[in-house]
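K.L.:
Provided herewith is a single structure, encoded as structure tokens, for subsequent inquiry.
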Amino acid sequence: MQLQFLGTGAGQPSKARNVSSLVLKLLEEINEVWMFDCGEGTQHQILETTIKPRKISKIFITHLHGDHIFGLPGFLSSRSFQANEEQTDIEIYGPKGIKNFVMSSLRVSGSRLPYRIDFHEFDENSLGKILETDKFTVYADKLDHTIFCVGYRIMQKDLEGTLDADKLRAAGVPFGPLFGKVKNGQDIVLEGGTKIIAADYISAPRPGKTITILGDTRKTDSSVRLAVAADVLVHEATYGKGDEKMARKHGHSTNMQAAEVAKEAGVKQLLLNHVSARFLSKDISVMRQDASTVFENVHVVKDLEEVEI
């Protein structure tokens, strides 16, 4: 499971950072890739990666500001041009209005897609659990921005315990169908009458990962709720230390406020993105150092960077 950042800038693209988009790679878990926001130029950023557009099965939009959605029509159109590849349907989750934006753009441009788009829109009264599969659950909650904006909490369900094959062989169980039965939790009896209790050879279930991805926001209690005990928190840092008044005025956060959220939520790792073009490379180092005085395990991500979860 990995996060790859396609755009880490704020508001408008710069030479160093494109506007907002990232993907959660779940190839080993479910052979899918989930995208979060799709700012202008996202499809071009994908060309610099190994991501296959047809593998992107779900897109989660945090809010309807242009730097988070203007790349959608182009990406969806280009996704249909994957020659010799199977066309796969796609689901888009986001605030009410995202369907109208996408369909209007496709209609006006005369774009015809060979696959289906399923929209899942929500407003302030329909948040909470927005998706559940056999392996993942996704929650959304309202943040505090200048327009309706949400954050997402992606929870992987507990993983099955692993079979201790060496211990099982030592108990006299031959490799083959009996192994499969024990792996599936079924007790067996060997030819000599020895009873094998499956639970004795399977480790306890392993807790799944939790990833929190926030849209644009001021520091707010819902950010903490979404991030409680998360393995990774992706939080915006449009502004730096000392810019709290400016951040509040424009509906954003500073690096220090993001670190406070991470500390209060008890997350394992904080990844800062949505960085203003005002910050040069040397400023990024200071931004990280300042935030680390509040929450130690913090990193400011850059475009195309991939983080293992």
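Glycine is no exception: its Cβ is also placed from the backbone N, Cα and C atoms.
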K.L.:
In Swiss-Prot, His63, His65, His145 are given as binding Zn(2+) 1, so which of Asp216, Asp221, Asp231 is in that site too?
P.N.:
Asp216
K.L.:
Per Swiss-Prot, which of His120, His274 sits in the Zn(2+) 2 site along with Asp67, His68, Asp216?
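P.N.:
For the Zn(2+) 2 site that includes Asp67, His68, Asp216, Swiss-Prot also lists His274.
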K.L.:
For the Zn(2+) 1 site given as His63, His65, His145, Asp216, which other residues of the same chain have their Cβ within 8 Å of the site's Cβ centre?
P.N.:
Thr62, Leu64, His68, Leu143, Thr146, Ile147, Cys149, Gly215, Thr217, Gly251
K.L.:
Sort His63 (Zn(2+) 1 binding site) into helix, strand or coil using the DSSP assignment.
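P.N.:
SS state of His63 (Zn(2+) 1 binding site) = coil.
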K.L.:
If I take the alpha carbons of His145 (Zn(2+) 1 binding site) and His274 (Zn(2+) 2 binding site), what is the distance between them in whole Å?
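P.N.:
Each residue's Cα considered, His145 (Zn(2+) 1 binding site) and His274 (Zn(2+) 2 binding site) end up 14 Å apart.
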K.L.:
For His68 (Zn(2+) 2 binding site), just give me the three-state DSSP call.
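P.N.:
The three-state answer is helix.
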K.L.:
How would DSSP class His274 (Zn(2+) 2 binding site) in three states?
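P.N.:
Its secondary structure by DSSP: coil.
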K.L.:
Within a 10 Å radius of its Cβ, which of these recorded positions (Asp67, Asp216) has the fewest neighbouring Cβ atoms?
P.N.:
Asp67
